[in-house]
Amino acid sequence: MQLEFYKYQGTGNDFVMIDNRSEFFPKENTQLIAHLCDRRFGIGGDGLILLENDSETNFKMVYYNSDGNQSSMCGNGGRCLVAFAKKLNVIENETTFIATDGLHHATIADDGLVSLQMIDVAEVKVSSDHVFLNTGSPHHVQLVDDLENYNIKENGAAIRYGDLYGKAGSNINFVKQIDDTTFSLRTYERGVEDETLSCGTGATAVAIAMNVLGKTDASSIDLNVEGGKLVVFFEKKEGQFTHVFLKGPAEFVFKGTIEI
Ligand SMILES: N[C@@H](CCC[C@H](N)C(=O)O)C(=O)O
């Protein structure tokens, strides 16, 4: 069978997109999803996303990591799916869709940048050398001295598989402060089991964690990721973060078919 796919990337976090409104895709086939995400034997991607019909919103997002397993929210993937929905004429420049962590509102600006509303965050656990919070996916956030030369894969895997997070694991973000409102981060992603060029829920987690740690009092924070730049903005009231938005590019790369 010939499978039609679209490839998208958001700051270098790349995804295989499939229009599954007709529900043809074999969603339980973990091996097939991992194969499609494989960079040597398949199409290649950090994850695979299905766009499906939803009775109450514009569409449904179903997200899989490149290991083939369905997972929690993907911020960059959500932004790319919004751009994909526009390409398919499912939406125009504004949408509400459903994902695993609930409803998401998003807009596409004239310059193509996609702003995606993320979940509200009320609980942020601060430890001596790291912060843990859930921004739709679980994130460990840790400041490091030499981010450029830091071994993300080795140190990330050690924390992800260590005692802190048990079987479920976590995504691991290493961070360096650049100025009052800017941070650089590199992320080890669970389910990819490697560093990716960007992680949207990770950038969101870093922005909130840096505010909680008092590293910034800005409510709009610039994040440098390996694949580009993201902005996270939010409202903060009595320790709760609401109206949290992740903004950045979401770009169509190519379209193709693959024999499955
Ligand atoms: N790249 C994503 C995060 C995807 C989910 C993550 N790998 C997990 O399983 O927790 C993003 O942009 O947020």
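Using the three backbone atoms N, Cα and C, a Cβ is placed for every residue, glycine included.
Keep in mind that what you see is a predicted model, and the values were worked out from it rather than measured.
Taken from TrEMBL, the feature substrate binding site covers Asn13, Asn65, Gly75, Asn76, Asn171, Glu189, Arg190, Gly200, Thr201. Counting every protein chain shown, the number of other Cβ atoms lying within 10 Å of the Cβ of Arg190 (substrate binding site) is 26. According to DSSP, Arg190 (substrate binding site) is assigned to coil rather than to any helix or strand.
Residues annotated as active site, proton donor in TrEMBL: Cys74. Here Cys74 (active site, proton donor) comes close to Asn13, Phe15, Gly47, Ile49, Tyr63, Gly136, Ser137, Gly200, Thr201: these same-chain residues lie at least six apart in sequence, with C-beta atoms under 8 angstroms from its C-beta.
If you look up TrEMBL, you'll see Cys74 marked as active site. According to DSSP, Cys74 (active site, proton donor) sits in a coil region rather than a helix or strand.
Per TrEMBL, the feature active site, proton acceptor maps to Cys199. When secondary structure is read from DSSP and collapsed to three states, Cys199 (active site, proton acceptor) falls in the coil class. The Cβ of Cys199 (active site, proton acceptor) has Asn13, Gly75, Asn76, Asn171, Asn173, Thr187, Glu189, Val225 as same-chain neighbours under 8 Å, each 6 or more residues away in sequence.
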Site of maximum Cβ density within 10 Å, from binding-site residues Asn13, Asn171, Thr201: Asn13
Where Asn13 (substrate binding site) sits in the secondary structure, as DSSP reduces it to three classes: strand
Substrate site shell beyond Asn13, Asn65, Gly75, Asn76, Asn171, Glu189, Arg190, Gly200, Thr201, criterion: Cβ within 8 Å of Cβ centroid: Asp46, Gly47, Cys74, Gly77, Ser137, Thr187, Thr196, Ser198, Cys199, Gly202
Other C-beta atoms that fall within 10 angstroms of the C-beta of Gly75 (substrate binding site): 27
